[in-house]
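Remarks on the structure that follows.
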Amino acid sequence: MIESQPALTNLRRKATVGAVFTGGAQAFRTGLQMLSVVVLSRLLSPEVFGLMAMISPLMFFVMLFGQLGLNNAIITARTISPAQLSTIFWINNGVAAALALIFAASAPLIAWFYGQPDLIAPVLVLACSILISAAASQHQALITRSMQFGRLALIDVISGAAGFLLALVIAIIYPSIWALVASTVMTALTAAAGSWLASGWRPSRQFNWAQALPMIKFGRGMMGFNVFNFLSRNLDNILIGKFAGAVQLGYYDRAYKLLLFPLSQINQPVGRVVIPILSRLVDEPERYRAVYLRTVQQLALFTLPGVVFMIIYAESAIPEILGEHWRASVPIFVWLGFAALHQPISATTGWLFISQSRTGEFAQWGLVVAVTSIAAFIVGLAWGALGVAAAYALSDMFIRMPIVWYWVGRKGPVRTIDLVNAAWPHVLANMAMALVLIGLIPFHLSGFLLLDLAMKFAAGFAVCWTTLAVFPKGRAVLMDLAGTVGNMLARPARAS
């Protein structure tokens, strides 16, 4: 029997180490992704990004079924046997192989659906990434389970850099969708190779359906949520691509990639660290609550000021950063920005469902998200990509956010009132920041636009944190951050 749960006394140390590695790697990777968005947006046209955004949701949907929701089952299980691991591996990869063939065979149908015959060849190539990702997903889950966050961080950094560099070279030589296709395959291939090398685990020929069945049942709930979540997050791309065309979808895709995607790329790796820890603290409600609330408040501390700034200065920043030909994406970006304001808490509620083994409720919540999001997409589609963004943002803030905060807080260590108490100091601090930034719009602090924007952002950030320090809860968050930074700086000194 494989026991990968560290003693509770080691959780704080592992959490700190994990936060350092994950934070450093994700800062690098997020910076690399933003650089990729900026550089490739200048080299490739909106239509190219629109074409890729037509394929990507369908590919990710197929990949969801290939994973069967079993990765989180591996991560959160108290014990897991070699027979279970090998059985799950062969099930995962067998399903993924079948789905990759179906996806490849569907290439002509996908091209017909969008009215884009040039999509056939990219779909055939991207089918390979489905197989590659499936072959590595279990190894990544095992690395996460054992809390080897340094290895995960290194894999993320290397795979992200490899994908970007290949995309850059192809975009310069042959600016087309192939730059994005090649990048996707290269990222998956590099991550898979790194995961196999880092995990040290290899599947055997063992296959025991009875032993794997409990984990499959757990994965079923996760699978339900993942399918519903996919529909709520990706059907907008499919509808815009079908009814508004590749150019409109390109504008929408870049606005999303510039804002909501970086936020998700911060939340996901932090979740890798936090979910295994929370799953081991379920029987200690006070510690569980403290770990979760501390994490989401640190996320809000750094992400919310950036979102507020970009909402207010999108009209100046986006054409300057991406190029004048992306100006049409500005209003789309602003609407999506409003949807991003509550993400530091709302996007992390899944950690609570998963770590408390409430996967059935998680799937039910996913259904609510899917139904309300799809309804919003359909209503907004009459006004094109901008209408979809506006309808999504409004339904997100006034329907989905209140429901999930209530739902996840009905039971378990973290209650709805805990979420509200964690949020309100940040709300007031960022409102103060917004007022200052709006007041600075007529003033030019520098003759260089990027420097002007940077100075205004710094001023707004200072106002935000200063306002936060006025409130006892806000001061506690800042003191916690100072303590974490102090411990990180002291650790190398003690080691020397």
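The backbone N, Cα and C atoms fix where each Cβ goes, and this holds for glycine too.
Taken straight from TrEMBL:
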TRANSMEM  51-70  transmembrane segment
TRANSMEM  90-113  transmembrane segment
TRANSMEM  119-137  transmembrane segment
TRANSMEM  149-171  transmembrane segment
TRANSMEM  177-198  transmembrane segment
TRANSMEM  291-312  transmembrane segment
TRANSMEM  332-353  transmembrane segment
TRANSMEM  365-383  transmembrane segment
TRANSMEM  420-441  transmembrane segment
TRANSMEM  453-471  transmembrane segment
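By the count of Cβ pairs under 8 Å, the stretch nearest in packing to the transmembrane segment (453-471) among 51-70, 149-171, 177-198, 291-312 is 291-312. For the transmembrane segment (291-312), the most Cβ-contacting stretch among 90-113, 119-137, 365-383, 420-441 is 420-441 (pairs under 8 Å). Between the transmembrane segment (332-353) and the transmembrane segment (51-70) there are fewer than 3 Cβ pairs closer than 8 Å, counting only pairs 6 or more residues apart in sequence, which means the two stretches are not in contact. When Cβ-Cβ distances below 8 Å are used as the criterion, the transmembrane segment (119-137) is approached by residues 51-52, 54-55, 59, 62-63, 66-67, 71, 92-93, 95-97, 99-101, 103-104, 106-108, 110-111, 177-178, 181, 184-185, 188-189, 191-192, 195-196 of the same chain, each at least six residues removed from its ends.
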